[in-house]
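A.B. asks: Please find one structure pasted underneath; my questions will follow.
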């Protein structure tokens, strides 16, 4: 498997241009050694591990969880994680992280909500300080619920690692690549890819491109898994083989004053130690960070009439105990063909018992038309397609970044880096311009390919409460409702012939 060589600032602060190796698969039992022979044979915790390493298990499920859903890994490290000073509340505290949603820190709001892209801060801000909660439901203490965050950052994490004891992070970068160092190894994640960082793993995020922005879904009490395919059959949607897992990589040098930042009950705590947590020489197990390239998704669509339900585009799901009901689904709207005959092809008008949070990584979303200069932007997109064929390295990344930058300067509406929230039973659907243009195309519209776009949705069965700083944000689009006000009645008592 070939991987591009991407400059990635390593944890020691120097720049390296090394190819990152991955293992492939989803839910496999993996094993990886940075030094041959570092994994014990025949048992997990021998009296003395090879090379004098410590054996340490990390459990993602209870010991007695059914074998098919049991998740754990064994890490063989230079020093064990327990070697640190006591945790203390982080100073200064982080006031915009929530994991216990109630009336004291968030509010119910049935209105359709939309946010413009959040600006990258001018002051030095790393991933931890740039992370803030938008909405969520439930409680990390009760091990049931979710939180949706966004982040903006302009500096790499230095001499520190983050550990989320509350739940799993699904990180969706929208601007700027992420070099993620984990206890299992390194992951390089570009916009158009996602990374899952399971509960309890320590990680550090470097920014090789400088300023970065994106979205984060967090689930409490469960883990993401691939959706069942049902009558689709054995193949389609996200393939297990396209998920990539890091290979063992370690730091042996002392690191005096290294800081572990732990999120625990939505609060941040810090502990100091004299070594890097990325000292795992070998590991094996099925509980591990991973990434996925959304361009590898195999979408399905209607080929005759009507518009399929968005669940057909589910990449990952975090299930509840009720079959078919998700705590949180991760759904994408990728490039694809529209071919349905005599059909209103955009997503239909909808009221949903589920709640839908949407984001846009690049391009434009088919349900929300650009407010100005769509023809000009379309020409730019075609030019970008032509130019990308002459740019051999990172061509897709560069093209998407260019389109995103131009669109942000010319469009209103739903922009890359922006977001919307349509809560339980709140009406939503195509805006006025999209409806009128679609109907105006008539019944004879031919096949049409949606290109150069990647929108996504976090969908949950739990009703979200919205944080006050999200409702009071200067990026809130208070005119969002007006995109539907122009919808007029087409009713006639006479039946069309």
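Yeah, the Cβs are placed from backbone N, Cα and C, and that goes for glycine too.
A TrEMBL annotation is a machine prediction, not a hand-curated record.
According to TrEMBL, the feature domain 'Homogentisate 1,2-dioxygenase N-terminal' maps to 22-294. What TrEMBL records for 295-373, 407-491 is domain 'Homogentisate 1,2-dioxygenase C-terminal'. Annotation comment: TrEMBL describes 307 as active site, proton acceptor. Taken from TrEMBL, the feature Fe cation binding site applies to 350, 356, 428. According to TrEMBL, the feature homogentisate binding site maps to 365, 428.
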A.B. asks: What is the separation, in Å, between the Cα atoms of residue 356 (Fe cation binding site) and residue 365 (homogentisate binding site)?
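C.D. replies: Residue 356 (Fe cation binding site) to residue 365 (homogentisate binding site), Cα-Cα distance: 15 Å.
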A.B. asks: What does the structure give for the C-alpha distance between residue 365 (homogentisate binding site) and residue 307 (active site, proton acceptor)? Integer Å is fine.
C.D. replies: 16
A.B. asks: Near residue 350 (Fe cation binding site), which residues of its own chain have a C-beta under 8 A away, given they sit six or more steps off in sequence?
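C.D. replies: Expected: 427, 428, 429.
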A.B. asks: Report the member of 307, 428 (the recorded positions) whose C-beta atom has the most other C-beta atoms within 10 angstroms.
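C.D. replies: The most densely surrounded of these recorded positions is 428.
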A.B. asks: Taking the center of the Cβ atoms of 350, 356, 428 at the recorded Fe cation site, which other residues in this chain have a Cβ no more than 8 Å from that point?
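C.D. replies: Once 350, 356, 428 are set aside, the remaining close residues are 347, 351, 352, 422, 426, 427, 429.
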A.B. asks: Count the Cβ atoms, other than its own, that fall within 10 Å of the Cβ of residue 356 (Fe cation binding site), considering every protein chain shown.
C.D. replies: 21
A.B. asks: How many helix, strand and coil residues does the domain 'Homogentisate 1,2-dioxygenase C-terminal' (407-491) contain under DSSP?
C.D. replies: 21 helix, 18 strand, 46 coil
A.B. asks: Tell me, how many other CB atoms lie within 10 A of the CB of residue 365 (homogentisate binding site), whichever protein chain they belong to?
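C.D. replies: Here the count is 25.
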A.B. asks: Taking DSSP states H, G and I as helix and E and B as strand, how many residues of the domain 'Homogentisate 1,2-dioxygenase C-terminal' (295-373) are helix, strand and coil?
C.D. replies: 6 helix, 27 strand, 46 coil
